[in-house]
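Annotated features in TrEMBL:
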BINDING   B:Lys122  ATP binding site
DOMAIN    B:91-360  domain 'Protein kinase'
REPEAT    B:602-635  repeat 'TPR'
REPEAT    B:686-719  repeat 'TPR'
TRANSMEM  B:389-409  transmembrane segment
Amino acid sequence: MEQSEVTQLLIRLKKGENGIYDQLYPLIYEEMKKLAYVQMSKQSPDHTLSKTELVHETYLKMIDQTQLDFKDKSHFLAISSRCMRQILIDYARKKNAKKRGGKKKDLTFIDELFEGQDKKAQELIDIDAALNELEKLNERLTKVVEMRFFGEMTIQETAEALDVSESTVKRDWMKARGWLYKELKGQFEVK
Amino acid sequence: MGEENWEKIETIIDRALELPESQRDTFITEQCKGNERLKSEVTLLLESIFDSEGWLDDPKDYKEEFYNDISDDVKELSSQHTLIGQKVGSYTIKEQIGKGGMGAVFLAQRSDDSFEHRVAIKIIREERATQTNIHRFEQEQRILAQLNHPAIAQLYDGGITADGFPYIIMEYVDGTPMDDHCRINKCSIDEIVSLFTQVLEAVRYAHENLVIHRDLKPDNILIDDSGNVKILDFGISKLLKDENGSTRPTEEARLLTPRYAAPEQIRQEPDKTSTDIYALGVVFYELLAGTGPFAFNDRSHYAIEQTILKKEPPQPSTQTADSTLRKKLEGDLDAIVLKAIRKDPEDRYRGVTEFLDDLYNYQHNLPVHARKGTTIYRLSKFFKRNKKGLAIAAGVILLLVSLTGFYTWRIAQERNHAQLQADRAEEITNFLVSILQLNNPSENVGKDITVSDALLHGIDYVEQQEMSAFNRATILGTIGSIQINTGDIEEAGITLEKGMAFVTDSLTEQSEKTIAIGTKYAEWHEDVGNTREAERYYNLTDSLFRAHQLTNTLTFYAHQLNYSDFLLENGQYEKALQVLAQSEQNLNNTAGKNPSLLDLQADLYNNRGRAYKNMGEHRKALDNLDKALTLKQEIYEENNPKIGRLYHNMGVVYATISDFGQAKKMAEQAYTIRVQTLGPEHQLVGSTLHLLGNIAFELEDYEQAFEYNKKSIEINKQKHGPEHFRYALAIREYAKTLSATGRFEEARKQIDQAISIIGDNYGKDHPYYGYMTKTYAEIFAEVEDYAQAMEYGQQTISNFKRNFGPQHPNLGKVFCNQAKYAMKSQKYRQVDSLFTAGLEILELHFDRDNPLIREADSLLTVFRANLP
């Protein structure tokens, strides 16, 4: 897909044309996954955690910036954030499934110690499920988490994409984080 | 937690966040106006907001694994199997025998081949091999190398490979995990105990050498061909600690195997020897009972952790259906295992030696230490929770009442099982006596015995005494329900969970009563705002009723009513209908219904009506409400609030489809009934007056409308206070009437007040705010200020779109209004598309002869005909 075509799709989306979101979403999703692999193979092992920030990378890759303004950018980033969430959850699920699939071996060494390593994967799945619940209470809170957390969008970009004030984004983020925390972590009171 | 409630919570939180900390409590108390549940939810969320500060701030933490895995994939593609054939120390790597997050394990052979010597080599992946770690690693590894015990796999050597990876060379053990070994060889209890003694001796040796295993589990405890125990990976986890001796929290969590993790490990406290004792206790439990103390399948990480932290494990003997085995486990072994897995490390065996001693006592029929502590331990735990100030007498009476009910039910059900009946009667009598015994002053000096204590004592009794699982479950269910009533919410959850565990795991026969525990438990989750779990248990209970063919019972219908209420509260209208389909079918085939059954059936119809109404299927809604009404009329006299409610609901639906004639009839009946049965000031009367005012307004009977509006304002103000949204909605109705009668200024004043209340309570994004702007538009249109009207109309459109979605009838109505304003203000270009948009939506919901559609349609036709 050409850069200009994606850009055009985004412009049509902005105009409110139907069905565009459904066209854009899979394009961005696939591109992001591809980019992740490309990025990682380029990095030296020590830099696996460098500034790779897929959502914005994808934007640079897919969009002709001369044709779009800041507001359009935030709309693109919003879709990418959703893709990012999807990608991470797909990955986390796959990882968990793999773990469950591999039944016990006769011999186990300390590798087994590290079974707990997919704790983050599990946590992501839990967060995702909780977000679906939160969406029923207030969809915007879920969107804010998607953009700020999965998409690593700035407060300004998020406010722009949602068409609300920055202070609303900040408050929404606090409420969403508090709620998720309450759902997922609870209080560790033991007596 | 209903959505309305949630919005309220958000509004209060928003404002509280802006206040200085010192003022927040007062503010929240004020806002919640004595609504304790609201207040506790607000407080909980606010606390959680502060507790979670910093959490999720760095998404990289979460993405790291993903990137690492990708980079592994990439690496693996380029450099597969490069280690095979390489030399590590004096060993040559032969094949990979395991792989994990931190690296891989290889089988290796001594290179000189002078004698056959096979070892296992673990190579740790490069990311972990920082300079500081390497030093620590070598030091620890020297300590481990000194552990020489026949039952501990020997660590021979370790070092850094030529390419800079740390590695460990270990004894290669060809064996079977202990649990598999016992299963395959069908080990007897005595054999298991003696094998386990070997394990304990090895662990004692390590502890004496100041090495803690930290990750004991059957997979790490192998039995070789000669039947000898070999424990793997002793102290390995400690090798990976960093400089200051403690692992970072994230790593700590990674090293845990939750199944065997002790509460203190979950809490990320330092490990002690008691941590190993806990893990050993769980392993022993599994070996004896064939299953672990807790079922962890498919539960969230959080739930697993909570279980480990809070849930008291059942006795191993209760986990088996095999009566010989159960007899063998009851008493000593139950007590020994439970002592090893106490939540508080202080309450466990103080060392492996004590554990071994007790097993020795057991093997030699000597008194077992663990048994002494049991009752005192449990009782003291329950007393710690003593909070409520209710008198014991009240509690006992409550219990007697509820248990008598269940007792007579038993008799009726078990007529054919005379002996069984006698047994159970005795069990329950004993149970009651045990509760009353708490009132014996000598046992509880200086304590106020509360109903909460009595209930907990009852639970203790149920758990300790010989009693059928069936009775245990039923009593736990009853106690849990009472605990909800006495406000012991947390305890109620624990009790119901226990009761539920019997229902799902132990009972072969089920009754309505036992399955209904699931409904109670689901309600409990709903009450504490745990929507997901609530749904799960409602669902599970639903299937249990079906599986046991108990769907033709009162309890099942009551369950369905609760379940569908829950779904309606949560906006799952279609699901609610699906759920209700089952009871509808059954009830239609049931002959000779008694009044309580008919009553339930009517309530189920009412819920179907509510679901349809919310889905915009108004005809079906009316149909169901009508059925509900007919049924209620069979049981109750006309003058009954239950009937009033149905008239009111039907009035609302008729008003929605603009059949105001019918709406009026219904609402008037509802009003008469409600005034007579509830009194003229009741809040439900206020609600019906609101409806009546709206209907009179639509029928252009403004005099009537004024009367209703005023009364409804009065009641709503009195019942809910001058800052409540219901009050604001009532004055909005009044503003509409004022505007329609040409009293523009007064209308403005009223709507200004209404919108400021809504704004304060919910902010501008709430649908109520949309209702307000809609009325503004109408008021301005009335004085022909169409520019203002259209601006408010536009605000309303975006509000409704956001709140109701693009196809809601409310949105259709606003589009049509907007089209009218455009026409009046001669903005012709917009008229056609606005009408079309409005009509498209309205036609989805209403018949062609709906007045709204007819009006819009004819206006559009006229407009098109007159276009130049």
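Numbering starts at 1 and runs along the chain as it is shown here.
Glycine is treated like the rest: Cβ placed from N, Cα and C.
Not measured: the values here are computed from a predicted model.
Cβ neighbour count for B:Lys122 (ATP binding site) (all protein chains, 10 Å cutoff from its Cβ): 24. Applying DSSP to the repeat 'TPR' (B:602-635) sorts its residues as follows: 31 helix, 0 strand, 3 coil. Looking only at the repeat 'TPR' (B:686-719), the predicted model's pLDDT averages out at 92.
In the repeat 'TPR' (B:686-719), the DSSP tally of helix, strand and coil residues is 31 helix, 0 strand, 3 coil. Classification of the residue listed as 'ATP binding site' by DSSP places it within a strand.
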